[in-house]
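Undergrad: What follows is a single structure, and I will ask about it in a moment.
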Amino acid sequence: MALRFEVLGRFNRARAAQLTLPHFVCQTPLFMPVGTQGTIKGLTNDQLEEIGCQIILGNTYHLALRPTSELLDELGGLHSFMKWPRALLTDSGGFQMVSLLHLADITEKGVTFQSPIDGKPMLLTPEESIQIQNRVGADIIMALDDVVKTTITGPRIEEAMYRTLRWIDRCVAAHKRPNEQNLFGIVQGGLDPVLRDICVRGLVERNLPGYAIGGLSGGEDKDSFWRVVAQCTAALPEDKPRYVMGVGYPLDIVVCSALGADMYDCVYPTRTARFGTALVPEGVLKLKHQAMADDTRPIDPSCSCMVCKNFSRAYIHCLVTKDAMGSQLLSYHNLYYMMKLSRDLHSSIVHEKFPEFVCKFLQKMFPKGDVPEWVCNAMEVAGIDISSCCYPISSSYDLNSYEQVRQD
Ligand SMILES: [Zn+2]
């Protein structure tokens, strides 16, 4: 194990922790931007440090194709290749293959796919995924899992969950650098609480350095989403980090943190920036909108980032459709927003002001008090009273129903 996880403060299920990784001492909850090929589009490493990025996520699939893991290994790993002094996390590569390549197929051996370079059939096994990630050298590496969409039902979900458990042992056995890199297991099981429970127990038995909750953010409804997160966080060990994969909407991060999750990653903040959208406390601001053309205010008057200190909405409106600088400035602001959200979550928990923070966050996003019912339900399970900032919950939802499986 190459990490230390110390909880510094709690509010019910929510926790603020210090996560010490080989390359950086991180504060959780934290958001990790996705740097597909060793770069966050349009931002320099200095800017990423200035914004407060603690961990960057690299896509193993893209890195393995270019520059290749062998070259990265030769050059001293991804840290030295991209001159990033802080922490890195790599995914297993499986998700990218399944989502990007039409002909990807999963068998017991691994993920088979057609090479995008020469069209030849290729196979990514759990052993190979770990070998590649060992060469890339990130602080946190992810087990190869059998990914299925949460919207799929039936025996395929069960097959994928059991296969994920079989593959974790192959990943652990293949891992050659356990003292320098932390292998996280991924909880699968779709929206089925029984399968999720079996998977959590199986992974916890393996005593891994950290655990991810996978297979979400795939189009499932929000109530199913938070219930899976709540079930998994309740069953995962207190002294290990919990990472919800693919989550990047600010509201989802606040809800998951209230339920006891610590880490998040998503392309959303940078992708939406490229489409001209800024994240603001009220929700989003579309800079392409004609109303921005003569708006002299900054994107977010309450934001103290470099972009908001220097530029008007009108200026960014001008750039956003014509010049790469527009999406760079928006990416900068959006990542700054995510990092500030991470810091605010951390410090409000440490300073015992978490419920107040949640209420203020919801009041800004839902000034009329129309907080979605799923948020109200999740907050009730998290033990956070938001009645001062939203309408009372109308449904008679049974708080304990989602945890019954665990108690059997
Ligand atoms: Zn800003």
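Here the Cβ of each residue, glycine as well, is placed from N, Cα and C on the backbone.
TrEMBL annotations: computationally assigned, not manually curated.
Keep in mind it's a predicted model, so treat the numbers as computed, not measured.
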Undergrad: Region 'RNA binding' per TrEMBL: which of the ranges 65-69, 90-94, 105-109, 270-274 is that?
TA: 270-274
Undergrad: Examine the ranges 71-77, 134-140, 246-252 and name the one recorded by TrEMBL as region 'RNA binding'.
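TA: Spelled out, TrEMBL records region 'RNA binding' over residues 246-252, not the other listed ranges.
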Undergrad: Looking at TrEMBL, Cys303, Cys305, Cys308 are annotated for Zn(2+). Which of His333, His346, His351 sits in that same site?
TA: His333
Undergrad: For the substrate site that TrEMBL assigns to Asp91, Ser92, Gly93, Gly94, Phe95, Asp145, Gly215, which of the candidates Gln47, Gln54, Gln181, Gln188 is also assigned?
TA: Gln188
Undergrad: In terms of Cβ proximity under 8 Å, which residues at least six beyond the ends of the region 'RNA binding' (270-274) contact it?
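TA: Long-range Cβ neighbours of the region 'RNA binding' (270-274): 33-34, 40-41, 284, 327, 330-331, 333-335.
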Undergrad: List the Cα distance (Å, whole number) between Asp91 (active site, proton acceptor) and Gly215 (substrate binding site).
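TA: Each residue's Cα considered, Asp91 (active site, proton acceptor) and Gly215 (substrate binding site) end up 13 Å apart.
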Undergrad: For the binding-site residues Phe95, Asp145, Cys308, which residues place their CB under 6 A from an atom of ligand 1?
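TA: Cys308, by Cβ distance under 6 Å.
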Undergrad: With an 8 Å cut-off on Cβ-Cβ distance and a minimum sequence separation of at least 6, pull the same-chain contacts of Asp265 (active site, nucleophile), or say none.
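TA: Residues satisfying the criterion: Phe31, Met32, Pro33, Val34, Leu57, Leu89, Tyr243, Met245, Gly246, Val247, Gly248.
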Undergrad: Can you tell me the three-state DSSP label for Asp265 (active site, nucleophile)?
TA: strand
Undergrad: Rounded to a whole angstrom, what is the C-alpha distance between Gly215 (substrate binding site) and His333 (Zn(2+) binding site)?
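TA: Pair distance, Cα basis, whole Å: 29 Å.
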Undergrad: Could you state the whole-number distance in Å separating the C-alpha atoms of Cys303 (Zn(2+) binding site) and Gln188 (substrate binding site)?
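TA: Between the Cα atoms of Cys303 (Zn(2+) binding site) and Gln188 (substrate binding site), the distance comes to 38 Å.
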